[in-house]
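Chemist: Reproduced below are the annotations present in TrEMBL:
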- CYS303, CYS306, CYS349, GLU356: [4Fe-4S] cluster binding site (BINDING)
- 16-285: domain 'IspG TIM-barrel' (DOMAIN)
- 300-400: domain 'IspG C-terminal' (DOMAIN)
Amino acid sequence: MIDNFAKPKTRRHSVAVKVGSVTVGGDAPIVVQSMTNTDTADADATVAQVAALARAGSELVRITVDRPEAAVQVPRIRERLDRIGINVPLVGDFHYIGHKLLSDYPDCAAALDKYRINPGNVGFKAKRDTQFSQIIEIAMKHDKAVRIGVNWGSLDQELLTKLMDENAVSAAPVSASAVMREAIIQSGLLSAQRAEDLGMGRDKIILSAKVSQVQDLIAVYADLAERCDYALHLGLTEAGMGTKGIVSSAASMGILLQQGIGDTIRVSLTPEPGGDRTREVQVAQELLQVMGFRAFVPVVAACPGCGRTTSTVFQELAQDIQDHIRVSMPAWREQYPGVEGLNVAVMGCIVNGPGESKYADIGISLPGTGETPSAPVFVDGEKVTTLRGEGIADEFKQMVLDYIEQRFGTPGKASQSSQS
Ligand code: SF4
């Protein structure tokens, strides 16, 4: 018998970092984060999108702070979010002039919970160290965390050139892509060391080293994880649109998470024009949930359907339940503690239907082609009833809601509602 089959490796040890009310690293659960795509100078749009991302389950939200008009809005955005009960920590994304914005707008510096610094564009030549130091000093003054976020698209060119030159005269030269990966890692580690030399604690530093190719990302993070104990932010940059972005992110981050690497994740999906930005949060949560690291929403298992399915009833039912769960989750989190661990099965025929349904907390096996038009329902592994007729879908939906109320509702509340 195979034991220990495909269990995730023990989480790599990392130093825990507090970002506002959220802990990243150490023993804390892997944190889901996201980023807005609104102009931060447009406070209305940014408040609305941060709120939507937070309600979808994003535990940290990053916003762009690229110019004075944006910096001036940051404390106002924070205040407005607090007023509507959205206390998600905000991360400021700075490039080129972060040092200036943070020193010119101290209220912005105070309102943010973490500053993202890109070592590749924090300043160039002689100015780089001064500007980097300025940001670190402001972060220390306000007791804020930083993420040193290297991105291969804006990699420190001086460092890359130096490593390329060294490689060219080396007795055992490696490939250009291996040099690039080393430059990405070194850029992060050298900057983190510089921050520590300036007096910043390791418990204030998170590192990321993002690339856009799956195999490169796995190689870079595996190496980075061996060479430091900073908390690591995982993310495939420019993952792309639609299924390509989802598959690339899940494949690369899934492998790293399985190796115990990663303390916070972001799925960088390109939304379709007018698309829903919260999709990236949903994908990140589903990745962590299907791998067994965290539970966010009840799981609806549905078979793929095949030639034995007579109609689209089971797909519609599975979709309907899934949609209802997702829309209801913000309220259910409060109302039904533990409901995120629920498993529902909606199966298309007798072949796997009863088996899968028994395994779920509540499941239904719909009739396939040529089967008696009846649908056995299983609750906690036992067949409790058989539904028949036109109303199968609605009756099963109601049974799921009753099950949730019974199992996760507070006893007091359940008896009150049954009396009313
Ligand atoms: S459970 Fe039945 S309908 Fe669903 S995929 Fe399997 S054989 Fe096909």
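Just so it is clear, glycine is given a Cβ too, placed from its N, Cα and C backbone atoms.
Source: prediction; values computed, not measured.
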Chemist: Which binding-site residues from the set CYS306, CYS349, GLU356 come near ligand 1, judged by a Cβ under 6 Å from any of its atoms?
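Modeler: Among the binding-site residues listed, those whose Cβ sits under 6 Å from ligand 1 are CYS306, CYS349.
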Chemist: Quick check: with CYS303, CYS306, CYS349, GLU356 left out, which same-chain residues have Cβ atoms within 8 Å of the centroid of the [4Fe-4S] cluster site Cβ atoms?
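Modeler: What remains near the Cβ centre is PRO304, GLY305, ARG308, THR309, PHE314, MET347, GLY348, VAL351, ASN352, GLY353, GLY368.
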Chemist: Would you count the other CB atoms within 10 A of the CB of CYS349 ([4Fe-4S] cluster binding site), including those on all shown protein chains?
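Modeler: Other Cβ atoms within 10 Å of CYS349 ([4Fe-4S] cluster binding site): 22.
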Chemist: If you skip the near sequence neighbours and keep only those at least six away, which residues in the chain come within under 8 angstroms of CYS306 ([4Fe-4S] cluster binding site), Cβ to Cβ?
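Modeler: For CYS306 ([4Fe-4S] cluster binding site), the qualifying residues are GLY348.
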Chemist: Who sits close to GLU356 ([4Fe-4S] cluster binding site): which same-chain residues at least 6 apart have their Cβ under 8 Å from its Cβ?
Modeler: ALA301, CYS303, ALA345, MET347, GLY363, SER365
Chemist: How many helix, strand and coil residues does the domain 'IspG C-terminal' (300-400) contain under DSSP?
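Modeler: Looking at the domain 'IspG C-terminal' (300-400) with DSSP, the answer is 42 helix, 25 strand, 34 coil.
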Chemist: Can you give the mean pLDDT for the domain 'IspG TIM-barrel' (16-285), rounded to a whole number?
Modeler: 95
